[in-house]
Amino acid sequence: MNHSEQASAYKAVKNIVLVGRTGNGKSATGNSLIGKDVFVSEAKATGVTKTCQTYKAVTPGGSRINVIDTPGLFDLSVSAEFISKEIINCLRLAEGGLHVVVLVLSVRTRITQEEENTLSTLQVLFGNEILDYLIVLFTGGDELEANNQTLDDYFHQGCPYFLKTVLGLCDDRKVMFNNMTKDKHKKVEQVQQFLALVAKVEERNEGKPFRGKMYLEIKEETEWLKKQKKAVEASNLGEAELAKMKKELQMEHDTRMSQMEDMVKNMLKETSAAHERMVSMLNENLENAHRENIDLRKAHDHEQKKRMMIQLGLGVPGALGMIAPAALAMCSIL
């Protein structure tokens, strides 16, 4: 990449998509990145963000960012129809492609099945390449700071296997945010740390944003609609006929987008079914292992008792039970 290309890439808007479990602080993180409260953020288990929202801003360092706040895209309690619509909506808002996907986790809560599903579902929908654009952001920095702890201290307390896997897959790109801080220096510092990771993502991908098959299909469909509407407007049709043609074009476009949503919905259902099978298999294996462990322990205890009884000459009736007294008698004769 030459100097002019680097300058162009630096000035280009970077699409930053926030994903994660409802209640982890995606909206608050979006506000921290932008530098003001633009997304509604409240500590509610049901979440506040009901649909994908976007806001463009310029960081103190001059980076132009487009932050896309999402609802619980992979929330197990919502329908596949809703999720598929919002995934399509998210890709529409990321004009030019995805520069960074931020998996927002919280140090306040344990890793849930939903969060584990988020990663695998991203891979199913977009392929393993999406991991090259992944950053893991931990909220709850205020809680760690109150206990004089760092993010590394948090990991030393016991890092779940899922986290080790995620961080390994994304080259350990992680950062902690304190979305509650009033310290202006702290606010700027944590955004700079985040943008340093964004720069690493860009370097790894040679400045190219993620544009998977789904994104390209949405882009193509959107451009088709614009082109067709422009052609219709340029024609000498009457007002009523023009409105009719535009309506028909929009209906055709909506039908195609609906087909795309159905495709995403089916992929999500397949992923969900695979997760259920995997969890069921894991639970079955754990139960079998638990039963085997109990059986082994019983067998071990039985053998140990048997050996002790033999050593004491109390274990087996008959000849074996006479070994100890016979041995003592022989010793006395000798």
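Even glycines carry a Cβ here, placed using N, Cα and C.
Matching 139-142, 147-150, 227-230 against Swiss-Prot, the residues noted as region 'G4' span 139-142. Same-site candidate for GTP binding, as annotated by Swiss-Prot with G20, R21, T22, G23, N24, G25, K26, S27, A28, S41, chosen from N178, N179, N205, N236: N179.
Between the binding-site residues T22, N24, the minimum number of other C-beta atoms within 10 Å of a residue's C-beta occurs at T22.
Annotation note: T22 (GTP binding site) sits in a coil segment as assigned by DSSP. Secondary structure from DSSP puts A28 (GTP binding site) in a helix. Look at N179 (GTP binding site): DSSP puts it in coil.
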